[in-house]
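Single-structure report; data block below.
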Amino acid sequence: MNWADLNLMPALPELFMSVAILVILMLDAFISDAKRGLHYGLALLTLAGCAVLQVQTYSAVPVHTFSGMFVSDALSSLVKLAMYGSTAMVLVYSRQYIADRGLLRGEFFSLALFALLGMNIMVSASHFLSLYMGLELLSLSLYSLIALQRDEVKATEAAMKYFVLGALASGLLLYGISMIYGATGTLDLALVAKAIKLHTANDMLLVFGLVFIVAGLCFKLGTVPFHMWVPDVYQGSATAVTLMVGAAPKLAAFVFVLRILVQGMEAMVADWQAMLALVAVLSMAIGNITAIAQTNIKRMLAYSTISHMGFLLLGLLAGTPDGYAAALFYSLIYVLMSMVSFGILLGLSRAGFECETLDDLKGLNSRNSWYALLMLLTMFSMAGVPPLAGFYAKFAVIKAIVDIHLYWLAIIAVMMSLIGAFYYLRVVKNIYFDEAQDTSAIVMRADMKLVLSINAVALLVLGMLPERVIELCIQAMKQSLTVI
Amino acid sequence: MSMTTVIFYILSAILLFAAIRVVTAKNPVHAVLYLVLAFFTSSGHWLLLQSEFLAITLVLVYVGAVMVLFLFVVMMLDINVEKLREGFWRNLPVAATVGLIMAFEMVLILTNPHTGLADYKAGAALAADASNVKVLGRQLYTTYLLPFELAAVVLLVAMVAAIGLTQRSRKDTKVVDAADQVKVRSQDRVRIVKMQAEKNVEAADTAESGEQQA
């Protein structure tokens, strides 16, 4: 490679983001604690700038750069735009919450943007090395974001657990990747795919490597049997950080899995399909059944996440372009849903009070009927009640499974979503039919109120008119997956 | 068997022994010392592969800097290993069974005739004046530019996190800001309150509330 060959245009949003992070870091040293709102504004501006550059540099044909380690294609552009949007929303929702808890510091914003940079790299990687570097950048930023609240014993414990288990999973993943490298002699996903297809690689080593890679990936997605970190991390972290861990990283992790399993190892679909089917069934079952027993709503939502990731895997393991598109749609909708639910929890919390048990939601309707309605929409959407987006997302992945004649899996999925409906409806019952224990007024910043409302109403609109978005997902998958 | 192969096997035997001792040593300080041995031995492996730069870096960075630091930390922490090992014998039967089954399964797969070393050819020998550093540098700054830069970002995150987690302005500190001390004016410290020499109860109340408002 020559310097003149280096095409930086496809990575322009990432470069802009890196420079912006450095500016924010520098400013942090010079401004007083009272003016931390400046960082908030700058972070939002950075996200807006990235989104504009993303649209500007969009190309329907995949463009490779950095010696084929970085790719900009329709899939990465779509997912990156969604991640900018969700990160911006997370910041808007967290503004008051972090200010009340002394977390409104420069590090919060720079680490959040570093995490986003890592996710961008994961989404755009076409080489095992860049995939792994992106993953580590994301993970390290998230560990430290959780630990930032260091006077809280629970947050420190959560960060420690996440860190130790995350390091273990990274080790598993690397071990698997090293076997793939040993078998194929390359780390480039396209070349790995070619070697597997042509059977020039040692099959036994490949399967061994695949097992370790799937284990590592399942950990990052938070699926059974590698799910034990999820509830503790969700419950232990400050709600704003929980939201950050639970929203955009799930999208990035999904594309990460897609890049490795589909772009790199599609020829081994029969092998990973069986593994993912087992993981999906276990995740849906354990996630949904354990969620029923929870009294802490953050913990309940964590188990619900596990079950949602199980559903997402259904679309992925179908092994068809429609299935991948359905899984992408599911992850987009999941991010929207988790943001409203945690957003409401953030809004109900105030200085000195943490809204985190099911009892805290009791009688929300009598305190503020609009927020009650937003929560109702989200819970119905998560449960998969028809006019809402969650229903269509579940429908799409189950259809993908039915299309490849895995009926038993589809039946289990439907049964599990019925079981799941119980605890989502219990939240609705608490909100509408129970007496409020805490009758203090709910104060929310106007911008947060607006964004939260749009976010929740989007679930309703996308549920009634999903065609546009699902068409976008199918297009992205077609354009990105055919040219490898 | 050539000399290189003999050295390879000797080094590997020492490496495996050291690695096993790292996890089985009772005393954490001994474990760290065995880890140093393991690093040192694997740098011998690099040398066998004619990568002298990597071998020296491994010794300088890992043995010289990282492990010495590690040793300091381990010596300062008073770790009671016996307490950590309490459950060892109780859990041993289950752990041993699981381990044996896993080892058996791996042996079944790996004894497959297709996973032999014959599939992997040795690399060509390098010329006597081949420069490791040059090749590495060129690779890092061209082909592997992106991961290299990302590694730098990861280190920056580590730095930001380390500072963010450890630095704090203590509220109970008694440190006085000299600049503030110099700039202080008499009005900031002394307040002259005008009041009647003699007052009745009502007047005192209003004066007091007035004072509070002020």
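For all residues, glycine too, the Cβ spot is worked out from N, Cα and C.
Predicted, not measured: the structure shown is a model, and the values here were computed from it.
Features of the protein shown, as given by TrEMBL:
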type	residues	note
TRANSMEM	A:12-31	transmembrane segment
TRANSMEM	A:38-55	transmembrane segment
TRANSMEM	A:75-94	transmembrane segment
TRANSMEM	A:106-123	transmembrane segment
DOMAIN	A:125-419	domain 'NADH:quinone oxidoreductase/Mrp antiporter transmembrane'
TRANSMEM	A:160-184	transmembrane segment
TRANSMEM	A:238-262	transmembrane segment
TRANSMEM	A:274-293	transmembrane segment
TRANSMEM	A:300-318	transmembrane segment
TRANSMEM	A:324-348	transmembrane segment
TRANSMEM	A:369-393	transmembrane segment
TRANSMEM	A:405-425	transmembrane segment
TRANSMEM	A:446-465	transmembrane segment
Tertiary contacts of the transmembrane segment (A:160-184) (same chain, 6+ residues out, Cβ under 8 Å): 128, 132, 135-136, 139, 142-143, 146-147, 191-192, 195-196, 200-202, 205-206, 208-217, 219-220, 226, 228-229, 232-233, 236, 264-265
Same-chain residues near the transmembrane segment (A:405-425), Cβ under 8 Å, at least 6 residues beyond its ends: 277, 280-281, 284-285, 287-289, 291-292, 294, 300, 304, 307, 310-311, 314, 318, 379-380, 382-385, 394, 397-398
When counting Cβ pairs under 8 Å to the transmembrane segment (A:238-262), the leader among A:38-55, A:274-293, A:300-318, A:446-465: A:300-318
Same-chain residue ranges lying at least 6 outside the transmembrane segment (A:106-123) that approach it to Cβ under 8 Å: 13-14, 17-18, 20-21, 24-25, 27-28, 36, 39-40, 42-43, 46-47, 70, 75-76, 79-80, 83-84, 87, 90-91, 98, 130-131, 133-142, 144-145, 148, 244, 248-249, 251-253, 255-256, 259
Of A:38-55, A:75-94, A:300-318, A:446-465, whichever stretch has the most CB pairs under 8 A to the transmembrane segment (A:369-393): A:446-465
Which of A:38-55, A:75-94, A:274-293 contacts the transmembrane segment (A:446-465) most, counting Cβ pairs under 8 Å: A:75-94
Distant-in-sequence neighbours of the transmembrane segment (A:75-94), which means Cβ under 8 A and at least six residues beyond its ends: 13, 40, 43-44, 47-48, 50-51, 54-55, 58, 109, 112-113, 116, 119-120, 123-124, 240, 243-244, 247-248, 251-252, 255, 258, 328, 332, 335-336, 339, 342-343, 346-347, 447-448, 451-452, 455, 472-473, 476-477, 479-481
